[in-house]
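Feature annotations, courtesy of TrEMBL:
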COMPBIAS  1-10  compositional bias 'Gly residues'
DOMAIN    131-190  domain 'CTLH'
REGION    1-69  region 'Disordered'
REPEAT    310-344  repeat 'WD'
REPEAT    356-387  repeat 'WD'
REPEAT    568-600  repeat 'WD'
Amino acid sequence: MQANGAGGGQQQQQQPPQGPELGCLGAQNGEASAGTAAGEQLAHANGLLPSANSGGGSPGGLSVNNGVPAAGGPGTAAAELGGGGGSALKKKKRLSQSDEDVIRLIGQHLHGLGLNQTVDLLMQESGCRLEHPSATKFRNHVMEGEWDKAENDLNELKALVHSPHAIVRMKFLLLQQKYLEYLEDGKVLEALQVLRCELTPLKYNTERIHVLSGYLMCSHAEDLRAKAEWEGKGTASRSKLLDKLQTYLPPSVMLPPRRLQNLLRQAVELQRDRCLYHNTKLDSNLDSVSLLIDHVCSRKQFPCYTQQILTEHCNEVWFCKFSNDGTKLATGSKDTTVIIWQVDPDTHQLKLLKTLEGHAYGVSYIAWSPDDNYLVACGPDDCSELWLWNVQTGELRTKMSQSHEDSLTSVAWNPDGKRFVTGGQRGQFYQCDLDGNLLDSWEGVRVQCLWCLSDGKTVLASDTHQRIRGYNFEDLTDRNIVQEDHPIMSFTISKNGRLALLNVATQGVHLWDLQDRVLVRKYQGVTQGFYTIHSCFGGHNEDFIASGSEDHKVYIWHKRSELPIAELTGHTRTVNCVSWNPQIPSMMASASDDGTVRIWGPAPFVDNQDIEEECSSMDS
């Protein structure tokens, strides 16, 4: 029998036992069988086998080195721990710095689980140290609320801290906790003593000291905890205090809190970020993922497959837009109608809900009110009218026209849902109420597309000068935000108001950062001439971008990648508009000059084998 891995990885041959009185010995995968003749029993302790001795020189005795049992007895030459009896000690292989770091991380995690004996064994066998002895002593005194001892510990830690100011900050945090605990216990005089004689002389963060002094007026403990935003005396607040204190100590002295979990979480998030098709809600909880395999999503789980073709329009479909709650889809067509479709929450199939008729010029733009109760429809360039519909009743609330010379081709709702702005290429745009009454107007702007920012004050408008400007109706100021070299045919804004997605004539789809006013990315693949094509953000966290194209396709990009991750075919003419369902990340709609609206979703049947094959192709 061979004992493998003990003392430097060398193998030693054991002599066969002499006579039936010797028990059977075995060591396989870290397990040992006891000799029945001697009546031995071996116990597993957290995966480690302790040294067993049957007493009286029994030949069945076992000793353990690095978790591997070695047999001892007459006629055997085995390495024993303890260094007695002429045994040859093998030198342990010196651990690398990364190995020591890993052992410390594992030890910290096991300690957090309460497996303290296992941690002790791990540190003892590896020769590592979980943290500096002074740090251990400091930690214990903080958790036990022994503040004077904890302050004394700081003197020992002073030599281990890089910044001389760190000790003052750490002392301030300690005294702050001490002060709050005195107050909670009703020891006002002691608290006042800490404030005057200990905190104030530090001459650090006097503003915070003024705030702390105000807590003396708290009438009861609940009031104190609420005003101080503090958990109260006990393990929770002291653990948080330790987390803050650790930031001033080098990791060689005391590990950052929950370091292993944080590293694993970062690894999971990085894999998600690199996954081109990740389209599910981000969850920072490690329990929601498997750490045993790499994260990957399949293209078959992505909205790349036609789920339904809507054919009720009888002419070119110019626009489509999901409602904010994702339960409805509105489509506008050259056939003079708007159709509202209901989304089944279970099957994700759409059925016709209402048809809104009478748009003589056709419908080229649609905007849902923030509460989805109203819908505004606009026509093409030569249309001077705008329709405001009540979605619930299907009734026309307002038909607005300021002048027959107007061109009302775009509209955007104010976030309050009580106003909207509309305009076109004839030289002005307006702010109106729900009854079509004119509230404000801005002259001299030939508008191509409009958007209201979440501040409720600023309107973004793309104009015929190949730019997007911001207009403030309150202080009547305007400023340049985006400047392109070619006409901006349409644009849309991300939910957070930071990014703008532009369809630029002859150039394609561009992504701009509105805050920094820089062009972030130009997306490749799409065919864009001088037709108005509407693109969109979509998916969970708006990580994706989709656009129609004059080559009859729908293109999808990951926001951070210039090359498309999907090209969807099926339409037979120009795709004018794409809309991603804001509540169902796996659903998307596209409207085309071929007279149809296509609903896109995941592959109908997805099994594990398909996903594995897809992963392999992605890896290659």
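Just so you know, the numbers here start at 1 and follow the chain as drawn.
The backbone N, Cα and C atoms fix where each Cβ goes, and this holds for glycine too.
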Legend entry - Beyond the flanks of the repeat 'WD' (310-344) by 6 or more, those residues with Cβ under 8 Å of it: 350-368, 370-372, 375, 377, 380, 389, 391, 534, 573, 576-584, 587, 589-599
Legend entry - Helix, strand and coil totals (DSSP H, G, I; E, B; other) for the repeat 'WD' (310-344): 0 helix, 19 strand, 16 coil
Inset, instruction - Sort the residues of the repeat 'WD' (356-387) into helix, strand and coil with DSSP and give the three counts. - result: 0 helix, 12 strand, 20 coil
Legend entry - Local confidence of the prediction over the repeat 'WD' (568-600), expressed as mean pLDDT: 96
Inset, instruction - Determine how many residues of the domain 'CTLH' (131-190) DSSP places in helix, in strand and in coil. - result: 49 helix, 0 strand, 11 coil
